[in-house]
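Enquirer: Residues or ranges marked as domain 'MaoC-like' by TrEMBL: 6-102.
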């Protein structure tokens, strides 16, 4: 069973806010000049910010934050965020892989940006409402 797709817009302003909250002011998250100098295509979103957005989708699907039992991902491709008013979009989808007799639902999650997968092995386990 497929769960409803969720889309998150990410702008440079979001990266600034996340940097302030997390303390991660690495230049790859705000300087095109530096990001390209180190071989990136441009400024990229923080990996943990990307993971948090996908976690937000999982929480929405689960119905409550405390229903999320387990959540993990591997980062496969950076999310490049252009310096414009539009930013970029992360599209999150999931399929139910298993529903256990103990009331747990295991999800296989896909997160893409411009059609490219940005996470691999993205999975979550949520407690099913009784």
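Each residue, glycine too, has its Cβ placed from N, Cα and C.
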Enquirer: Run through the domain 'MaoC-like' (6-102) and tell me, per DSSP, how many residues are helix, strand and coil.
Expert: 39 helix, 27 strand, 31 coil
Enquirer: Across the whole of the domain 'MaoC-like' (6-102), what does the mean pLDDT come to? Round it, please.
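Expert: Mean pLDDT across the domain 'MaoC-like' (6-102) comes out at 97.
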